[in-house]
Ligand SMILES: NC(=O)C1=CN([C@@H]2O[C@H](COP(=O)(O)OP(=O)(O)OC[C@H]3O[C@@H](n4cnc5c(N)ncnc54)[C@H](OP(=O)(O)O)[C@@H]3O)[C@@H](O)[C@H]2O)C=CC1
Ligand SMILES: O=C(O)C1=N[C@H](C(=O)O)C[C@H](O)C1
């Protein structure tokens, strides 16, 4: 059994992870955390998430969770800031980590990489196998279609999402830029007013927010007389959680290092 701690266990992803881990047969949830002061601290995690008792008491810090139970891996879908702090705790305690949080600044990414010198970490903005295939396919399409096509990325998420553009849209933009020999300077995140003709090198990244949209990403390749649209639509969170559990199985026992879902899935890296 892989002894697993889930941070933010009552969150949208945390509760999905708890449900799927419980059904998995090979992962045992031995700890869970929630925000200090949250009503769920001190409750059974299964009761707090309406799954039914799981005999895991929610605590208010990762340190407390790791003091209370020996763990092989921590799965963290909270926020970039908190994931950096959790990675430091994992590094100090020698526990492997899976990070699904998004919204990383360059400094936060560097801090995560620092912790990965001590323990193995898998971090990816999207843990769905389908999305990771779409990312690969987008890079391949860009390489084959070349500069004659204008490339745009559109993402849509629920009204509660805190970061924009989504981590997945940013990853798509990065792999598209690399495939097309473009740079971060070529990424455009907003258009308004007299913007003039579209620069040929531009890669647009646009954001929609509303309702309960789980996660949608489309890459448009606009050509002359034709266009290609590559779309992924998540209709629930199970595939993100299933990917994270797959990453947890993969990361336990690895040497220290920072890994992506592409490594977990055995893909060649695209960026
Ligand atoms: N990689 C992937 O495949 C995916 C990534 N994500 C990313 O995962 C992250 C979480 O998303 P989502 O589950 O929708 O967000 P939620 O807000 O539902 O979950 C985050 C949870 O973390 C809790 N939390 C806040 N502070 C602490 C703390 N100090 N200690 C412990 N827990 C804390 C929150 O509690 P409270 O509600 O009280 O603030 C909340 O329950 C986001 O960055 C999102 O973009 C999401 C889906 C898929
Ligand atoms: O916050 C979300 O919900 C999601 N966030 C991830 C992202 O930012 O790419 C992945 C997924 O689309 C859901």
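Here the Cβ of each residue, glycine as well, is placed from N, Cα and C on the backbone.
Features of the protein shown, as given by TrEMBL:
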ACT_SITE  157  active site, proton donor/acceptor
ACT_SITE  161  active site, proton donor
BINDING   8, 9, 10, 11, 12, 13, 100, 101, 102, 124, 125, 126, 127  NAD(+) binding site
BINDING   35  NADP(+) binding site
BINDING   158, 167, 168  (S)-2,3,4,5-tetrahydrodipicolinate binding site
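All features noted in TrEMBL, drawn onto the structure.
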{"residue": "8", "record": "NAD(+) binding site", "Cβ neighbours (10 Å)": "25"}
{"residue": "10", "record": "NAD(+) binding site", "Cβ neighbours (10 Å)": "22"}
{"residue": "100", "record": "NAD(+) binding site", "Cβ neighbours (10 Å)": "25"}
{"residue": "102", "record": "NAD(+) binding site", "Cβ neighbours (10 Å)": "24"}
{"residue": "125", "record": "NAD(+) binding site", "Cβ neighbours (10 Å)": "22"}
{"residue": "127", "record": "NAD(+) binding site", "Cβ neighbours (10 Å)": "27"}
{"residue": "158", "record": "(S)-2,3,4,5-tetrahydrodipicolinate binding site", "Cβ neighbours (10 Å)": "13"}
{"residue": "161", "record": "active site, proton donor", "Cβ neighbours (10 Å)": "18"}
{"residue": "167", "record": "(S)-2,3,4,5-tetrahydrodipicolinate binding site", "Cβ neighbours (10 Å)": "19"}
{"residue": "168", "record": "(S)-2,3,4,5-tetrahydrodipicolinate binding site", "Cβ neighbours (10 Å)": "25"}
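In this structure the alpha carbons, written CA, of residue 161 (active site, proton donor) and residue 167 ((S)-2,3,4,5-tetrahydrodipicolinate binding site) are 11 Å apart. By neighbour count, meaning other C-beta atoms within 10 Å, the densest spot among the recorded positions 35, 157 is 157. The record gives 158, 167, 168 for (S)-2,3,4,5-tetrahydrodipicolinate. Within 8 Å of the mean position of their Cβ atoms, the other Cβ atoms in that chain belong to 102, 125, 126, 155, 157, 161, 163, 166, 169, 215, 217.
Reported as a whole number, the C-alpha separation between residue 12 (NAD(+) binding site) and the residue listed as 'NADP(+) binding site' equals 14 Å. Ranking the binding-site residues 8, 10, 35, 125, 127 by Cα distance from residue 167 ((S)-2,3,4,5-tetrahydrodipicolinate binding site) puts 125 first. The two recorded residues, residue 100 (NAD(+) binding site) and residue 158 ((S)-2,3,4,5-tetrahydrodipicolinate binding site), show a Cα separation of 17 Å. Cα spacing between residue 168 ((S)-2,3,4,5-tetrahydrodipicolinate binding site) and residue 10 (NAD(+) binding site): 23 Å, rounded to the nearest whole number.
The Cα of residue 8 (NAD(+) binding site) lies closest to that of 35, out of the recorded positions 35, 157, 158. Cα of residue 158 ((S)-2,3,4,5-tetrahydrodipicolinate binding site) to Cα of residue 125 (NAD(+) binding site): a distance of 16 Å. Within the set of recorded positions 12, 157, 158, 168, 12 have a CB atom less than 6 Å from some atom of ligand 1. The number of other Cβ atoms within 10 Å of the Cβ belonging to residue 12 (NAD(+) binding site), over all protein chains shown, comes to 16.
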